[in-house]
Each structure stands twice: as structure tokens, then as C-alpha cells.
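*Asks:* Taken from TrEMBL, the feature active site, for sulfotransferase activity covers Lys124. Marked as 3'-phosphoadenylyl sulfate binding site by TrEMBL: Lys124, Gly125, Gly126, Thr127, Arg128, Arg205, Ser213, Lys330, Gly331, Arg332, Thr333, His334. Among the features that TrEMBL reports, compositional bias 'Low complexity' is placed at 84-95. What TrEMBL records for Cys313-Cys325 is disulfide bond. Marked as domain 'Sulfotransferase' by TrEMBL: 115-350. What TrEMBL lists as region 'Disordered' is 60-110. According to TrEMBL, the transmembrane segment annotation covers 20-38.
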Amino acid sequence: MAYRVLGRAGPPQPRRARRLLFAFTLSLSCTYLCYSLLCCCDDLGQSRLLSAPRCLRGPSAGGQKLLQKSRPCDLPGPTPSEPSAPSAPAAAAPALRLSGSNHSGSPKLGTKRLPQALIVGVKKGGTRAVLEFIRVHPDVRALGTEPHFFDRNYGRGLDWYRSLMPRTLESQITLEKTPSYFVTQEAPRRIFNMSRDTKLIVVVRNPVTRAISDYTQTLSKKPDIPTFEGLSFRNRTLGLVDVSWNAIRIGMYALHLESWLRYFPLAQIHFVSGERLITDPAGEMGRVQDFLGIKRLITDKHFYFNKTKGFPCLKKTESSLLPRCLGKSKGRTHVQIDPEVIDQLREFYRPYNIKFYETVGQDFRWE
């Protein structure tokens with residue numbers, strides 16, 4: 001019986017059927033291969049989870065027989081019959097205790113905090129030395145410049161003040177230095193309003209020597225100012241000292257301290273001797289570290305005496321190839337003052353000094 005009737009094609013030949021089946025199988029194999037590559041490789045072409053068996057995500061019904069040996073993917077998330085459980089938060093990476101500035105592109109470590117300690121005075125007493133010495137300690141981060149927040153910039157607000165601070169870890173102390181705070185009437189109340197737990201450091205020095213140093217600094221900037229004697233006295237013959245001159249008034253420590261004791265207990269104020277800071281820097285800095293509640297790490301091995309400047313400098317450290325001394329403005333030679341003027345000023349300061357000794361419980365031996 002003939003297979004061709006009215007020009008229509010009869011059943012496909014066996015050879016053609018095999019070709020169609022082969023093409024269909026080949027197509028499914030390619031699909032499987034592409035699917036596997038997409039499932040097991042990332043967008044960079046690097047193998048992901050190489051140790052995990054290959055899996056498929058919902059093969060088509062036509063290819064189930066070909067792909068039946070492949071394990072279905074275990075997709076994350078609940079099955080339709082199970083309620084969704086809250087995912088556990090990722091464990092936080094432990095904080096790294098690094099010193100120095102961060103490299104570009106690395107995450108910033110620590111937080112900008114309001115200072116827990118302040119060096120509030122006094123000008124020309126040795127505040128810069130204390131700041132530079134204490135910055136060697138790994139548990140202290142200090143602002144290098146004087147922000148003058150509690151005297152000149154208070155109107156800018158605490159957020160502005162905080163933004164100036166270095167980043168610190170929880171275990172570190174934030175510190176700043178502005179010597180004019182000690183003689184600013186509003187500073188104690190403003191600092192108390194920021195935090196009543198603030199620790200205060202005051203570096204004091206023989207008030208006569210301090211006044212001469214203050215004048216010497218001003219003279220280097222303004223050579224045409226009157227003489228030291230002329231500024232110190234309203235009437236030298238009568239021994240009337242001009243307490244309106246700031247260089248004289250700063251040294252009346254007992255007077256300024258009264259304002260601070262209205263807001264802070266004496267236990268929260270530490271007094272550093274400017275004289276002992278020169279002769280025994282390790283001893284004075286040891287007491288500063290005790291006051292701040294940090295381990296005594298700054299010791300004799302950190303200092304050497306610079307004969308040219310006349311005060312101690314920091315020895316070179318692992319992070320510095322050279323020793324570190326204070327700037328050229330520190331340790332300058334004082335102007336020569338008439339010894340009689342010095343004696344008159346000593347007599348003027350004597351009652352203030354005695355009252356200061358009695359208040360703080362220390363004899364600084366300035367007489």
C-alpha cells in the first residue's frame with residue numbers, strides 16, 4: 001500500500017526521528033550546562049561554594065528525566081507551610097585598637113566624644129608640655145589646637161565643639177587644652193553643664209616668673225609695648241600693683257580657684273607644678289596619669305633634658321625618628337627685670353600664694 005496520498009507526507013522516517021530526538025536532547029543539555037554555570041559561579045567568573053553539589057532551580061517538565069539525578073537547590077527562607085523566623089543579627093567585628101590616622105578608604109575607628117578631661121590653665125605655666133607628654137599615652141587622645149570653646153566660642157554649641165575632637169575608642173580619654181579657661185568667669189559653670197564629671201588639670205608656676213614669661217612672649221610680638229615695670233604698677237613708689245594687667249591677674253591663683261570650687265570638688269582638680277615638670281617630668285606625669293585613672297606608661301625612659309631650651313624633651317619613639325621638643329616659642333630667654341621689682345611682686349603675691357597652698361593642700365615653695 002502506498003504511503004503518499006493526495007500529495008501529503010507520510011509518517012517520519014526513523015532516521016529523521018532520531019535526528020529530532022538528538023537535537024532536543026542536545027538543547028536540554030546546553031540548557032542544563034548554562035543553568036549550572038549561573039548557579040555555581042559569581043559575576044567575576046570565580047567559583048563560589050565549590051565544595052557544594054551542583055543544583056538546579058526548577059527544571060522544566062520536559063527535561064526532568066535528563067536532570068533527575070541533580071539535587072534541587074535548598075533555597076534560603078521558610079517553606080510555605082512554616083512561619084518565617086526572625087533572622088539573627090550578624091556578629092559585630094571586634095574593634096581594632098589602632099593608633100594614628102586611618103589610611104584612605106579604611107573605615108574610621110572610634111567616635112568623636114566631648115572631652116572627659118581638660119587642661120584649663122594656666123597660660124605660660126607649662127600646659128603645652130603637659131599636653132605633648134600625655135599624648136604619648138595610648139589611652140589618651142588630645143586635640144592639638146586650643147578650641148577656646150568655653151570662653152570665646154561657646155555660642156557655637158556642643159555639637160560644633162564635639163566635631164573638633166579626635167576619634168576615640170571606649171577605653172580612651174578625650175582631652176583638650178585651653179589655658180585661658182582658668183581665668184574665665186563663665187568657664188566653670190559652662191563646663192559643669194557639659195559634664196559634672198569632667199576632670200580638670202591646672203598647671204601652675206611661680207606667679208612672678210609666669211608674669212615675666214608672659215610679658216616676654218608679648219614683647220616678641222609687639223616690641224613697642226611699655227616696660228614690664230611700667231605695666232606692673234600703678235604707682236611703684238607706693239607699691240601699688242596694677243591688677244587690671246592680665247599678666248599680673250592670672251597669677252592670683254587663689255582668687256580664680258574660688259570660681260571653680262563652686263562647681264567642682266577639689267578631688268576633680270589636679271594641680272601640676274610647672275617647676276617640678278622641668279626637674280622631674282616623669283614624676284609629675286606619673287601623678288597626672290594617676291589622676292586620669294590610666295596606667296603609668298610615661299616614665300623616665302621617655303625624657304631627656306635639653307640644655308639649650310632648659311627643659312625636658314621627649315626621646316624619639318618607634319613612630320618618630322627624631323626627639324620631640326616644644327616649639328621655638330618655648331624656652332625663650334626672659335627679659336631682664338630689676339630685682340627690686342621682682343621683690344615687690346613677690347610680696348604682692350605672698351598672701352595669694354599662701355591661701356592657694358592652704359586650699360589645694362600643697363606647698364609649691366614660691367616664696
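Positions of Cβ are set from backbone N, Cα and C atoms, glycine also.
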*Asks:* Between Lys124 (active site, for sulfotransferase activity) and Ser213 (3'-phosphoadenylyl sulfate binding site), how many Å separate their Cα atoms?
*Replies:* 7
*Asks:* Which residue, of the recorded positions Lys124, Arg128, has its CB surrounded by the fewest other CB atoms within 10 A?
*Replies:* Arg128
*Asks:* Say we define neighbours as other CB atoms within 10 Å of the CB. Which of the disulfide-bonded residues Cys313, Cys325 has the fewest?
*Replies:* Cys325
*Asks:* State the count of C-beta atoms found within 10 angstroms of the C-beta of Thr333 (3'-phosphoadenylyl sulfate binding site), not counting that atom itself.
*Replies:* 7
*Asks:* Restricting to the same chain and to sequence separations of six or more, state which residues have a Cβ under 8 Å from that of Gly126 (3'-phosphoadenylyl sulfate binding site).
*Replies:* Val203, Arg205, Val272, Gly274, Leu277, Ile278
*Asks:* Consider the binding-site residues Arg128, Ser213, Thr333 and say which one has the Cα lying nearest the Cα of Cys325 (disulfide bond).
*Replies:* Arg128
*Asks:* Around the Cβ of Ser213 (3'-phosphoadenylyl sulfate binding site), how many other Cβ atoms lie within 10 Å? Please give the count over every shown protein chain.
*Replies:* 23
